[in-house]
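As given in Swiss-Prot:
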BINDING   Ser45, Thr66, Tyr258  substrate binding site
BINDING   Asp146, Thr175, Asp232, Gly257  NAD(+) binding site
ACT_SITE  Arg208  active site
ACT_SITE  Glu237  active site
ACT_SITE  His254  active site, proton donor
Amino acid sequence: MKILVDENMPYARELFSRLGEVQAVPGRPIPQAALDDADALMVRSVTQVNRDLLAGKNIRFVGTATAGTDHVDEDYLREAGVGFSAAPGCNAIAVVEYVFSALLMLAERDGFALTDRTVGIVGVGNVGSRLQARLEALGVRTLLCDPPRADRGDSGDFRTLDELVREADILTFHTPLFKEGPYKTLHLADEALIARLKPGAILINACRGPVVDNAALLARLEAGQPLSVVLDVWEPEPALNVELLKRVDIGTAHIAGYTLEGKARGTTQVFEAYSQFLGTPQQVALATLLPPPEFGRITLQGPLDQPTLKRLVHLVYDVRRDDAPLRRVAGMPGEFDKLRKNYQERREWSSLYVQCDDEAAAALLQKLGFNATHHPIR
């Protein structure tokens, strides 16, 4: 049995070799010759999985080590009798921590406290719900918009998108990409919505590029109307709008979810799904795969204020490290994908052990996802 895996899926060879012969291939594009004798295909979001890719092949299972599935034609896979699995929630923590890194940088630069701002979260799934929990742990007011969940009667105080635009100082998008239907998200942030954003608002998109109309966003920025923008995803990719990149506050190469933990979760989730598909279910303990963190222990004295939190967050991950490289290579063919392929290892907050002499600080850091303990420092 031959299993094709994206060459940028960490631990893929190590895990899938338990099930068969493994061949690592580029994700964009998948070499057609490699598909000829393959039984299974494991991809990331850069690979379009559809009839054009798989017609006439013997692929019986496709796994995507991503939470999103808009790059996969699931209808075709069902029609062709091909098994399928995604990795929902695998990188949710990573995306939340990306958003925090960006917000804390902007807060320091512009001199505001997060607790003085209202954050509107559009899409309250794996990412949005975790972002809400961490923001509220800090005492930040959040407003939630998720029409599918609201229509299902899920618990939660869901608002309309118009309400969020009116009330929120920060608007952050965490939806799937639906190009049509009752919950269409293509250009959810369209020209009209972008025009209504508060002067000085912050707009964040770390889900899918076309959720925000990039042309309309550029037009507002070119008009000189005050707006801070954080974009990790673009319309289109990989050939992003260079003029838009020049005007946003933070621009990165679709790497918000790229922690080592997030990538490893994606790989292990599709590995476990494929082993189940084969009738030989196996489970993997994530901790057995991950290397030791860069920092052993940090000692924190006193209460946790915003500047201290910013230092801890940026010790693990400072979003500016990914902004500068994209600006250097913007517009150069192939460089967007190279940034993603050669991405520097990044860890999650849980990899940082913080020893606190303040009990409340330890409790708050634990709620935020740090590996924190209370231990009076003598």
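Heads up, the Cβ atoms here are built off N, Cα and C, so glycines get one too.
Note on Gly257 (NAD(+) binding site): other Cβ atoms within 10 Å of its Cβ, all shown chains, come to 26. Of all the recorded positions listed here (Asp146, Asp232, Glu237), it is Glu237 whose C-beta has the fewest other C-beta atoms within 10 angstroms. Cα of His254 (active site, proton donor) to Cα of Thr175 (NAD(+) binding site): a distance of 15 Å.
Here is what falls inside 10 Å of the CA of Thr175 (NAD(+) binding site) among the recorded positions Thr66, Arg208, Glu237, Tyr258: Arg208. When the binding-site residues Thr66, Asp146, Asp232, Gly257, Tyr258 are ranked by how far their Cα is from the Cα of Arg208 (active site), Asp232 comes first. Here the C-alpha separation of Ser45 (substrate binding site) and Asp232 (NAD(+) binding site) works out to 14 Å. Counting only the Cα atoms, the space from Asp146 (NAD(+) binding site) to Thr66 (substrate binding site) is about 21 angstrom. Here Tyr258 (substrate binding site) comes close to Asn91, Ala94, Arg340, Tyr343, Arg346: these same-chain residues lie at least six apart in sequence, with C-beta atoms under 8 angstroms from its C-beta. Other C-beta atoms found within 10 angstroms of the C-beta of the residue listed as 'active site, proton donor' number 23, with every protein chain shown included. Only Gly257, from the recorded positions Asp232, Glu237, Gly257, place their Cα within 10 Å of the Cα belonging to Thr66 (substrate binding site). Rounded to a whole value, the Cα-Cα separation of Glu237 (active site) and Gly257 (NAD(+) binding site) is 16 Å.
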